[in-house]
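Heads up: the structure comes next, in structure tokens.
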Amino acid sequence: MKFTKTNDLRDAYLKFFESKDHLKLESFSLVPQNDKSLLLINAGMAPLKPYFTGLQEPPKKRITTCQKCVRTGDIDNVGITSRHGTFFEMLGNFSFGDYFKKEIIPWAWEFLTGVLELPKEKLYVTIYLDDDEAYEYWTTLTDVDKTHIFRLGKEDNFWEHGAGPCGPCTEIHFSRTDEVPTNSEKFVELSDEDKIIEVWNLVFTQFDGDGKGNYEKLASTNIDTGMGLERLAVVMQNKNSIFEIDTLENILKEVGNLANVKYGEDNKIDVSLRIITDHIRSITFMISDDIMPSNEGRGYVLRRLLRRAARHGKTLGIKDAFLCNLCDVVIRDCGSAYSDLEAKKDYIKKVIKIEEDKFRETLDSGMEILNNLISELKENNEKVLKGADGFKLYDTFGFPMELTKEILEDEDLSLDEDGFHKEMKEQRERARSARKTSNYMGTDVKTLDVISGEIETTFDGYENDSLIAEVKTLVNGEDFTNSIIEGNNAVVVTDVTPFYAEMGGQIGDTGTIYNDNFKGKVLDTKKNIGGKIIHFVEAISGELKVGDKVKLEVDNARRENIKRNHTATHLLDAALVKVLGSHVHQAGSYVSADRLRFDFSHFEGVKEEELLKVEQLVNEAIMSVTPVNTTEMDLQEAKNSGAVGIFDDKYAEKVRVVCAGEYSKELCGGTHIDNTGKIGLFKIISENGIAAGTRRIEAVTGIEAYKWVNEKAELLKHISGKLKCSEKEITIKLDQQSKEIKEKEKEITNLKSKFASMEINDIINSVKDVKGINVVTYALTDVDGEALRGLCEKVRDKVNNSLTLLTSSIDGKVVICAMADKEAVSKGAHCGKVIKEAATILGGGGGGRPDMAQAGGKLPEKISDALDSVYKIVETLVK
């Protein structure tokens, strides 16, 4: 056979269809674009759905791809069998209203028998029961043996997914047996035994089905084919499973080397080897597509795969984190086809390392608890772990439910999944209840949520900061009312408003509401569940009635500051992507008049030099004095234009796109300045982590940034005055003083040790004989732990057959140290047990070895009682 290596097979396929006038497209991201029905791309045609449905025009009517895919529906079988996997590459060629059966059938035969040189006598074809057209083309346009063609029913050879485009398919199979099927029943039997395996599926999309068995011919027919690259490699390399083909075998061998085991010698070991081999491929490709480990969605899938692989590595005896280096094999073998793997190599390795280290930290603790629970189950002859116990492992140690299930299954046990989900639901309810408020600014929230759906409230504040409106509804406390008077705190709903309601992280506007008979302050603006804009108003004077005309005026100075901060978050978002990478996505924001807060996905703390670069980029955009334009367009048009958005959110068909020149382009309904220069200055004041994989930046702009800089300048001036140096010399002066302080502290410590050593004779003279052991106890003051340990060593060396316990009170706390020589230990003395009891009396804890132990306490007034207890404890221990 001409081609056998996996990479060569991929190239041969794509080149073949390029020769048939197909446009070769690079693999799409594993993250579906504009398709909420999928968590991850799981088929070759999945990214091409818009072309098949007519929503988008394909770049060409003939396309060929090799699409990376991840499927986790069979994850529990991965490793258990040798044919299941989560990651695979799907070769495909597609026609959008161009060629059909007459062309693709002979092309498929040409590729398999001509290019790949597969023996024709080993190839079998299945067609749909009634597809005479396909049969005709197979028998007239190829030289396939007619006795190798079998007609099968709908479940085998008709592609249909609910209502919509569908059609028959023809599949090409390869025989790995000398048995020759003479009828369709025997063919199916051999297929079920994996003696004949499917290689290529050609789908003929020619009908529009209603999902009830009724079909109409489509005006335009399509071709959708799929051939798994790994399965093709199994055939071409004459292997028994995907784990034996070149690319996967390289990974598997590397894992075996790390664990010092061989594949094929032990079934349990083989399972772990296969799981790691498969999962590292999914992990590597998912991270390269900017998926981050998390507890939700596709991030959870990644975390689950990574933790499952890490646990099986530990099962194999691999002590240290290894997945971050194992991905090198994937990148080396697949890098020629997926160039972004090499480009993102360091990033991929770093994300894996951080996540694996984090999991290994908790794995030991969690496994200890789970092993204890397993032991209890077995002792009690029980088979099911309580859901509450499983949830505690998830909540405390980050054990995914699936991981706990898998470990239990290894022990022939199971998890009460209903109980687990019940605990999860109750925790979410508690969190939701904690977030709820029944009252806001004196108004019952439930009352606000039932404001009539007939009332229309329109926001008209992008261009206006004041306008005339009609009062439609008034709410005073829990009650709807027809009027409010001076002193009332109430909700006012008008037919139109210039006030922006809190949304998308931007706080609501404030201002005034008035007419000839009434004056009030608008303290806040929000939306209720029904989307009505509601003003929280403090009535200052007069009376306001339903139906009154009022003037609404926004506090424009405050709004301008909000606009500065909101536009700055857009510039910050773009700068973070540029500096940290395309994996950065907005995870939340808060935009007020005096500051901004921006949450984003990132796997580690942002380095100081990275923060400085981000800040510099934002200020460069500000100083460029770039116009900020807002445009309303169709959602799809906005996406196609490259506008950034949180596309998991629900958007209307018409959206606003805010564009700051070449610096930023985002979908946004908030208010913005019309020129970046109006931001004035941007200053980051903090950066920290708020959750695993999520960071937060807080910043100020405009006058607040000026104030912040001024405060720091005054502080530097004050510090330089105290240090009697220039501001430039502050760090030098502080380094000098820090060095001097450390030297003085060292001198003090040495002096304390000398003074303590002077008491050595007094300490030794406190010795008492307890059942043949010399027990020494003594209380000191202001001696640190290191010095106390040194004194214990001196006493031990001077007093034979001894156990010594010394305490020292420092700053209201107690340090304890105990030591025993070999002779005392041989008689039963145990420092760890002695010090544990003594520390308990002192309100602390600790422990250690028989010959040495340390502890701490917080009750210095109990030192005398603790020392007295030592004699009793030793007496119980000595043989």
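Think of each number as a place in line: the chain as shown, counted from 1.
Just so you know, glycine gets a Cβ as well, placed from its N, Cα and C.
Within 10 Å of the C-beta of H570 (Zn(2+) binding site) we count 27 further C-beta atoms, all protein chains included. The Zn(2+) binding site annotation in Swiss-Prot covers H566, H570, C668, H672, and the record cites sequence analysis as its basis.
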Cβ-centroid neighbourhood (8 Å) of the Zn(2+) site, H566, H570, C668, H672 excluded = K563, T567, T569, V628, V658, E666, G670, T671
Could you tell me which three-state DSSP class H570 (Zn(2+) binding site) falls into?
-> helix
Let me know the DSSP-derived helix, strand or coil state of H672 (Zn(2+) binding site), please.
-> coil
Same-chain residues at least 6 apart in sequence with Cβ under 8 Å of the Cβ of C668 (Zn(2+) binding site), in sequence order, are G504, H566, H570, R656, V657, V658
Those residues of the chain, 6+ apart, with a Cβ under 8 Å from that of H672 (Zn(2+) binding site) = K563, H566, T567, H570, V628, T630, V658
Across all chains shown, how many C-beta atoms besides its own are within 10 angstroms of the C-beta of H566 (Zn(2+) binding site)?
-> 26
